[in-house]
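K.L.:
Sharing a structure below in structure tokens format, with a few things to ask.
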Amino acid sequence: MPHFTVVPVDGPRRGDYDNLEGLSWVDYGERAEREDPDGHGNHRESSPFLCPLEASRGSDYYDRNLALFEEELDIRPKVSSLLGKLVSYTNLTQGAKEHEEAESGEGTRRRAAKAPSMGTLMGVYLPCLQNIFGVILFLRLTWMVGTAGVLQALLIVLICCCCTLLTAISMSAIATNGVVPAGGSYFMISRSLGPEFGGAVGLCFYLGTTFAAAMYILGAIEILLTYIAPPAAIFYPSGTHDTSNATLNNMRVYGTVFLSFMTLVVFVGVKYVNKFASLFLACVIISILSIYAGGIKSMFDPPVFPVCMLGNRTLSRDQFDICAKTTMVDNETVATRLWSFFCHSPNLTTDSCDPYFLLNNVTEIPGIPGAAAGVLQENLWSAYLEKGEVVEKRGLPSTDAVGLKENLPLYVVADIATSFTVLVGIFFPSVTGIMAGSNRSGDLRDAQKSIPVGTILAIVTTSLVYFSSVVLFGACIEGVVLRDKYGDGVSRNLVVGTLAWPSPWVIVVGSFFSTCGAGLQSLTGAPRLLQAIAKDNIIPFLRVFGHGKANGEPTWALLLTALIAELGILIASLDMVAPILSMFFLMCYLFVNLACAVQTLLRTPNWRPRFKYYHWALSFLGMSLCLALMFVSSWYYALVAMLIAGMIYKYIEYQGAEKEWGDGIRGLSLSAARYALLRLEEGPPHTKNWRPQLLVLLKLDEDLHVKYPRLLTFASQLKAGKGLTIVGSVIQGSFLESYGEAQAAEQTIKNMMKIEKVKGFCQVVVASKVREGLAHLIQSCGLGGMRHNSVVLGWPYGWRQSEDPRAWKTFIDTVRCTTAAHLALLVPKNIAFYPSNHERYLEGHIDVWWIVHDGGMLMLLPFLLRQHKVWRKCRMRIFTVAQMDDNSIQMKKDLAVFLYHLRLEAEVEVVEMHNSDISAYTYERTLMMEQRSQMLRQMRLTKTEREREAQLVKDRHSALRLESLYSDEEDEAAAGADKIQMTWTRDKYMTEPWDPSHTPDNFRELVHIKPDQSNVRRMHTAVKLNEVIVTRSHDARLVLLNMPGPPKNSEGDENYMEFLEVLTEGLERVLLVRGGGREVITIYS
């Protein structure tokens, strides 16, 4: 499945957030600056909703079915138009795009990207196999089995494979938590842990990959000079003690030549490396199959590789041909070359012979007894050796004697001191390479599926091969041959090759080409990793390595990689380079596990991996295992690697990397104090870190009791976002006089918060007007980065029955304030019917009606609610609306793909709303609304007596300073005969008798009023949408719905309230949602 990014919709680019997340950033400031010709934003039909500029943009804005949302369709686009632009793939990381734009000046250059087409097998499984199987399997596994014994060798393999398996589980969780663009492992680590950790670990990963190239080259040289062409050696030992020096010098010279040639190949074109990758992989697979074939054959026909023993000591067979002290030539006993070596004379004299040679017999034993010979029992136990110690076979008769030191090269001796920890460090590189699949994330058709399946299958496959190989080697090969690292005792044959069928050359040639191929792959991957780090510009002095050839090949990074690899070549010992490699990879794997554990424990809203088989305890175990392996294998290397990583971390921190990648470490700042608050001041949170920080505006009754406690219940059920919760209320009056009431109200709210298990803060303000107090709360609540980004506002019940317009004016003014402050708004309607924390919905649906795109709040809120036990069993359904010209089938497919990448499980349904004529009911409903509004307006203008009476009522109630949240004086309406009949219909108008002499002229005009056409269209939208929603969602546990924006001028406020009432009529529980002008959910990891 392709990767998706959402492109900006009809608007200019506004910085990095648009580039990264792809969705248009709503700038209300710019909207405010676009004034209309009449100065009031009025439509030519005197509509308070639609301005002439928008009306001229085409039929989209005159769509009858969406007329209620038409004012903001330019910044909150229809879902149908948004889904049509989803499928726009890019395989560039954010840093790469920034770097590319910086180089091109205007930032307009874009490369055409091929559609990713690789599946799990070719894209992840086989590359991982090729990278995991390598030089250690062919050159060191037999030696490890002979030295550690089968049991301890199995333990080493188990520990190392468990480490990589746990890391792969963590990596799978991170990789499936959104689209991973090209950049693979480094991208995942850096975007999960932040620029400091990301840069440190990225460089460690780079150094590990670079030293891997050196290790593979050294392995190829060892195979070449030891088994393929020994005469090609340039340096030869000048004495008995110069053997190792000559070997190391040969490795350095040939290693440098090989490295130069491979660097040239990579420089000329990486396409040649990719072409030969399949050939190299075939070599690996054929070599492994030949080992198994040889093991099976050895059960009934073991190969002939005799080993010459002097007493119980193993002799180096490459220096003599006959395994005997004497031989018969022409019926005459003559000394063999072996006698000449130990006695320093061709004569059969014993004067100068080695004492051990004289006292012990020379015997010949089979090097490959076969699986049926029972050597497994002998090879179960360890036989660790010190450097220079002779390889001996337990059980053979031997007479101890002090041998001559100069004869030591005639024996097979240990070249290094061995122990369990040393073998762990040497073997661990043979299980690395698990990142090969994630490194190709940009080429995968469905990375979220392929990376976990392919990587874990590759680890399971290689682990089974390693386990079976350990048992096979222990069961088929003689112990002294296993401990013979270079095959000196079997005539300088590759030990694993002696077991292979049909010929040892299959393994020798196959391993040579596979190690060369692995070296080329490392030299190809490491420069690209360095280039990605350099393009992110988190380490300034590395920026030069972000540049390359015209086609993007990292020339300078390749040069630096070759220089660092040369340092590994100069070490010249495979056994010395392998632990260095282990340190850097273990460091990388440690931080992958740390990233997964941090994200899981923080439970950020964006942490929604499709891979479900992870747990923070597994990640923590993997992290602990990586740390333990680092110190077990080589504690001083571990300290050096950690010191390097620490220095890089502090350097990046000192330089002040101005990067915000939505990393998990920033999430920890929410639980810290001053230091965290200062860091949170640096800028707005990344979309991946966005969580609802709620400001809940409560209404108190006259006794200072919370009027709607279910608002707090609802806030507590959103606590899965792990965000901030502030509960606010307003006391009307003077602060000096009402301070005590404010304190009492605050205590009441805190008690209710405790009952409803809301963890947060309470703030009560005193203001002369309630709407001013609400504006103060919206502006000033919070501290630094700990500020609210969402407002929970109750619905103004009874607004129709109140003759005072302030009953709904305060509500609409608060909506406008949240919009101006770029805050999200949640309006739960019928809050009394919302469930308490003790209820459980065992079934049912949470329905989302996604009509216009508003930043993704509609998708995120149900996900957070379903984390709570009340809503956990509910299923999520997403409905969107298709018009006549929309392809509803394609919309459904696109929406399903989009939700797949958002990692949200939901049923998708596209509801077709065809353009229909405006019904008589809609016309009548609009007429009723406008008559009522006009009547109230005329009464307020002409009935001075009623105004005077209302003023008296207000004066009588001025002592009550506690005021409603949504109206300044909602309950001050006078009772009695003067009360106005608010429900005004044409029928009532016709049936009630009236006297024209007592009716103002303006009131006589009400019967002749014609409804405004824009209002008719909006009412049509509300009625049609309500019909569809009630039909589909009448049994839903909760309905989430886009909240239309308020009118631009205040004359349409009452009509706006009526539209909202009609839109939500007949629904038991409704949550009206209005985004804050920024994205809150993303497909990226």
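The backbone N, Cα and C atoms fix where each Cβ goes, glycine too.
Pulled these from Swiss-Prot:
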| type | residues | note |
| --- | --- | --- |
| BINDING | N131, I132, Y216, P429, T432 | K(+) binding site |
| BINDING | G433, I434, M435, Y589 | chloride 1 binding site |
| BINDING | Y589 | chloride 2 binding site |
| BINDING | L697, K699, K707, Y708, V730, G794, W795, Y797 | ATP binding site |
| DISULFID | C308-C323 | disulfide bond |
| DISULFID | C343-C353 | disulfide bond |
| MOD_RES | S24 | phosphoserine |
| MOD_RES | S47 | phosphoserine |
| MOD_RES | S59 | phosphoserine |
| MOD_RES | S81 | phosphoserine |
| MOD_RES | S88 | phosphoserine |
| MOD_RES | S734 | phosphoserine |
| MOD_RES | S916 | phosphoserine |
| MOD_RES | S967 | phosphoserine |
| MOD_RES | S1050 | phosphoserine |
| REGION | 28-47 | region 'Disordered' |
| REGION | 665-681 | region 'Scissor helix' |
| TOPO_DOM | 142-149 | topological domain 'Extracellular' |
| TOPO_DOM | 226-248 | topological domain 'Extracellular' |
| TOPO_DOM | 298-419 | topological domain 'Extracellular' |
| TOPO_DOM | 474-504 | topological domain 'Extracellular' |
| TRANSMEM | 120-141 | transmembrane segment |
| TRANSMEM | 150-172 | transmembrane segment |
| TRANSMEM | 197-225 | transmembrane segment |
| TRANSMEM | 249-271 | transmembrane segment |
| TRANSMEM | 272-297 | transmembrane segment |
| TRANSMEM | 420-440 | transmembrane segment |
| TRANSMEM | 451-473 | transmembrane segment |
| TRANSMEM | 505-531 | transmembrane segment |
| TRANSMEM | 555-575 | transmembrane segment |
| TRANSMEM | 576-598 | transmembrane segment |
| TRANSMEM | 613-635 | transmembrane segment |
| TRANSMEM | 636-651 | transmembrane segment |
K.L.:
Counting only pairs at least 6 apart in sequence, do the transmembrane segment (150-172) and the transmembrane segment (555-575) share 3+ Cβ pairs under 8 Å?
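P.N.:
No, these stretches are not in contact.
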K.L.:
Please identify the stretch among 120-141, 420-440, 451-473, 505-531, 576-598 with the greatest number of Cβ pairs below 8 Å relative to the transmembrane segment (272-297).
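P.N.:
Highest pair count goes to 505-531.
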K.L.:
Could you name the stretch, out of 197-225, 420-440, 451-473, 613-635, with the greatest number of CB pairs under 8 A to the transmembrane segment (505-531)?
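P.N.:
Out of the listed stretches, 197-225 contacts the transmembrane segment (505-531) most.
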K.L.:
Which listed range (120-141, 249-271, 576-598, 636-651) shows the maximal number of Cβ pairs under 8 Å with respect to the transmembrane segment (197-225)?
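P.N.:
Stretch with maximum Cβ contacts: 576-598.
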K.L.:
When DSSP is mapped onto helix/strand/coil, what comes out for L697 (ATP binding site)?
P.N.:
strand
K.L.:
So if I exclude everything within five residues of the ends of the transmembrane segment (636-651), which remaining residues of that chain have a CB under 8 angstroms from its CBs? That is, six or more out.
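P.N.:
Contacts with the transmembrane segment (636-651): 196-197, 199-201, 203-204, 207, 425, 539, 579-580, 582-584, 586-587, 630.
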K.L.:
Provide the number of Cβ atoms within 10 Å of the Cβ of S1050 (phosphoserine), excluding the reference atom itself.
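P.N.:
Excluding its own Cβ, S1050 (phosphoserine) sees 16 Cβ atoms within 10 Å.
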K.L.:
For the transmembrane segment (576-598), which stretch among 249-271, 451-473, 613-635 has the most Cβ pairs under 8 A?
P.N.:
613-635
K.L.:
Validating a neighbour-count step here. Other CB atoms within 10 A of the CB of S81 (phosphoserine): how many?
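P.N.:
The answer is 16.
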K.L.:
Restricting to the topological domain 'Extracellular' (474-504), report the mean pLDDT as a whole number.
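P.N.:
Summarising the topological domain 'Extracellular' (474-504) by its mean pLDDT gives 90.
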K.L.:
Same chain only, please: residues at least 6 beyond the ends of the topological domain 'Extracellular' (474-504) with a C-beta under 8 Å from a C-beta of the stretch. Say none if there are none.
P.N.:
137-143, 145-147, 149-150, 153, 223, 226-227, 230, 287, 290-291, 293-295, 297-298, 302-303, 305, 307-309, 314-318, 365-371, 375-376, 378-380, 383, 385, 391-394, 412, 414-415, 511
K.L.:
Taking residues 6+ outside the transmembrane segment (613-635), which of them lie with a CB under 8 Å of any CB in it?
P.N.:
159-160, 162-163, 166-167, 169-170, 172-173, 421-422, 424-425, 428, 579, 582-583, 586-587, 589-590, 593-594, 596-597, 600-601, 641-642
K.L.:
Hey, which bits of the same chain come close to the transmembrane segment (451-473), Cβ under 8 Å, at least six residues off its ends?
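P.N.:
Sequence-distant neighbours of the transmembrane segment (451-473): 120-121, 123-125, 128-129, 132-133, 137, 141-142, 145-146, 150, 153-154, 157-158, 161, 164-165, 168-169, 171-172, 175-176, 180, 288, 291-292, 295, 371, 376, 379, 430-431, 434, 437-438, 441, 444, 482, 496, 499, 611.
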K.L.:
Taking only the Cα atoms, work out how far W795 (ATP binding site) lies from S1050 (phosphoserine), in Å, as a whole number.
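P.N.:
Distance between the two Cα atoms comes out at 19 Å.
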K.L.:
Mind checking which residues reach the topological domain 'Extracellular' (142-149)? Cβ under 8 Å, same chain, six or more beyond either end.
P.N.:
156, 379-385, 418, 420, 423, 426-427, 470, 473-474, 477, 479-485, 495-496
K.L.:
Have a look around G433 (chloride 1 binding site) and count the other CB atoms within 10 A of its CB, chains all included.
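P.N.:
Summing over all protein chains shown, G433 (chloride 1 binding site) has 28 other Cβ atoms within 10 Å.
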